[in-house]
Amino acid sequence: DNERALHTSFHQLILEQSSLIEADLELELQERSRDACAVSWPEPGQGEEHPSYSSASLQILASMPSRTIGRSLGAIISQYCNRTARLRRRSNRPPLQQLCRAARPSLRQYNLDTDPASTTLEEKRRLLVKELLSLSPSQCSHVLLTMPLSLEEKPRAVPVVPCCSPTALPFSCPQGCRGLWYRLLSLLRTAQPWHYALKQIGGRFGSSVLSYFLFLKTLLTLNFVSFFILLAFVVVMQAVYPSAAVSPQPFTGLETTGAGSFTNSLLYYGYYSNVTLNDPCSSSPEGSECPLAAPLLPYNLPLAYLFSVWVSFLVTCILLVYSVSRSFLGSVRSSTAVLAIKVFCAWDFKVVQRRSVKLQCENICTQLKELLGEQSSRSRSQSRCQVLGHYLVMLLAWVLALGLASGCVLGVHHLSERMHTVSAQEILLLVVPFVVSLLNAVMPHLFNLLALWEKQDSPVTQVSVAIFRNLILKTMVLILLCYQWLSRSIICSAEECWETCVGQDLYRFMVMDFIFTLLDTLFGELIWRLILEKRQKKKQRPEFDIARNVLELIYGQTLTWLGLLFAPLLPALQMLKLLLLFYIKKTSLMRNCQSPSKPWQASRMSTLFITLLCFPSFLGAATFFSYTIWSVRPSETCGPFRGLETIYKSGKRWMLVLEKSNPNITWFAWVYQYLLENACLQFFMSAALIAVIYFNIQVVRGRQKVICLLQEQIAKEGEDKAFLIQKFQNVYEQRRRRS
């Protein structure tokens, strides 16, 4: 019938079009073969890069996707015009069986060009824009993205729709909502603290220096969480119900040492009371009856103090585990294949401001330098004698580093013992913190001299070795100090409780560490830059020491976690210190330092920083806190746990008191007895935490193996193409010889 004849004629036209295209392709291949025969090609196997292939092989090469790039612009526009027409008919028209014969399409609507030269380029472009206007926004965007046109030609093909036209609504509404969503996302990014400052640092100095400031930002978040918990449940409640036995003292000038008016304040453990704060009968003398009724929900400060510190450690542990797992996943994604992504896909076309464009250019250039520097360091090879000599030098350097660290610890121990024989004056309280901070500032420079002797090729290895040497020194000193604090061999007056003295010691160590950090920034960066520029007339500037600065942050954060029980407001001081350090270090970095001489990518170093913060630092502080809770006897005259055998047993005592005072909170006692005191539950929670960490490590290792296999597969794909082409050439040669 008519429908069958219609489809038959349509099929014949398609065959004619395909035959014309094949004829053009054969003519082009014949011209290429004549040109190839006119040139004297070398024999196969003699070092040629592009051997002369036959017409059949050239036809296979021409049909590959990589060889279709050289098509004419008009052919591409015509092809995508026909594709948009098909999409429009597919989306807007009902099936052919549901239409009557008069409404069915004719062959004229398909607009098949039998003569490619009949239409000009502008007419084809105009026709493409017309067809794009009839598509939906998603189909239009997909077609524009898949068009193999240059960036100069694609804006000409984008349809410009008038606002009052009937087709403007399907384009304007989704695009307007999408633009509003992108603006909101950009506002959220810019609302992040130090957004532009971090981009500026990363673009100018690379990810290695940027990792220090990102690590500082992470520490600021952790301290804010701890400070908020302690402030809401302990400090504010004690400030609302102040202790009547403690009278405020005037300012004496000793506050810089942690003493003076700070001693009997909310800063230290000894100020907090051991009563139920909202109980009106807590201040009545013993044995007397209280006429007032007990509150419905009594607020017991010792329980709040203990649970707030415990919850602060728990939340910090969860955040650290999450940060470690996220950092591990980020380090897996940073592979050698990122170099191609940075070269071809790194530019953000939404950036239009001149300052942002310049910053993005610097950032991409620095990242390319880092990737190329890593690949060049991996490609170096050494002989066995060189490797053996290098390991021998490293062994001697490690022996010297461990000897220096042990000598420093012995010196601090003898100094602290000698200070106990001297009268306890206020100025002498700063001697031990001064010596410890001086060692922490001087010893990294000696370790850097050992690193120059070792001559490490990889900057990542050099920074890792420096970090571990400084970490060993600081860990040994902190272990010695913790032993002295728990054995109560500290300088403390008789009327003060030892917990307050430990809190004052930690306060002095934090203040002295901050002072030495400022002095090191002043003399190690500013004065050194002036000497290099003014005296030696050099343009070279000092480099930013990442290992030393990161270890200073870990050391200060460890002091904060150690003092969480003895000084609840230490996280606030640490937050203030970190804020000042960010702006001071950023200003000194921009004015006094230069970018690293060996650029390197710091994705794995960020993982190392978080791991060191989690396991040696946080784990040590949690062990110190647990030992203090379970084994150390609190003071008899001050603090929320006065007169008790251990802090841990205070939980049972105050639970019984709360249960007797108000039967409505028996559920809280049940939770404490069966959830918190249950050793099996704590064991299972620890096992679950270890299992999560192990699972994340195995996932990371599995992804690393998959990435290596995929990279190997990509490399083999190129070899497969050459192999197949060679096989085709051999088959063609065999057939030609037979004929």
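Each residue, glycine too, has its Cβ placed from N, Cα and C.
Predicted, not measured: the structure shown is a model, and the values here were computed from it.
TrEMBL lists 214-241 (among others) with the feature transmembrane segment. Sequence-remote contacts of a segment are chain residues at least 6 beyond its ends whose Cβ falls under 8 Å from one of its Cβ atoms, and for the transmembrane segment (214-241) they are 193-194, 198, 266, 271-273, 277-278, 299, 301, 304-305, 307-309, 311-312, 315-316, 319-320, 323, 550, 553, 557, 560, 564, 568-569, 571-572, 574-575, 578-579, 581-582, 585, 606, 609-610, 613.
The transmembrane segment annotation in TrEMBL covers 303-324 (among others).
According to TrEMBL, the feature transmembrane segment maps to 391-415 (among others).
Look at TrEMBL and you will find 427-447 (among others) tagged as transmembrane segment.
TrEMBL lists 467-486 (among others) with the feature transmembrane segment.
What TrEMBL lists as domain 'TMC' is 497-603. Mapped onto DSSP classes, the domain 'TMC' (497-603) shows 79 helix, 2 strand, 26 coil.
The transmembrane segment annotation in TrEMBL covers 506-531 (among others). Within its own chain, the transmembrane segment (506-531) is flanked in space by residues 256-258, 262, 267, 429-430, 433-434, 436-438, 440-441, 481, 541-542, 545, 552, 555-556, 559-560, 562-563, 566-567, 570, 573-574, 577, 580-581, 584-585, 588, 591-593, which lie at least six positions past its ends and keep a Cβ under 8 Å from the stretch.
The transmembrane segment feature in TrEMBL is assigned to 605-630 (among others).
Listed by sequence, the residues of this chain that lie at least six past the ends of the transmembrane segment (671-695) yet keep a Cβ under 8 A from its Cβ atoms are 317, 321, 324-325, 651-652, 655. Per TrEMBL, transmembrane segment is recorded for 671-695 (among others).
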When counting Cβ pairs under 8 Å to the transmembrane segment (467-486), the leader among 303-324, 391-415, 427-447, 605-630: 391-415
Same-chain residues near the transmembrane segment (605-630), Cβ under 8 Å, at least 6 residues beyond its ends: 208, 211, 214-215, 218-219, 306, 309, 313, 316-317, 320-321, 323-324, 327-328, 330-331, 460, 463-464, 467, 471, 475, 478-479, 482, 486, 546, 550, 554, 557-558, 561-562, 564-565, 646-648
Non-local residues, at least 6 beyond the ends, that sit with Cβ under 8 Å of the transmembrane segment (391-415): 431-432, 435-436, 439, 443, 446-447, 450-451, 453-455, 469, 472-473, 476-477, 480
Same-chain residues at least 6 beyond the ends of the transmembrane segment (303-324) whose Cβ lies under 8 Å from its Cβ atoms: 218, 221-222, 225-226, 229-230, 233-234, 237, 272, 561, 564-565, 568, 607, 610-611, 613-614, 618, 622, 625, 629, 640-641, 647, 650-651, 654-655, 658, 689, 692-693, 696
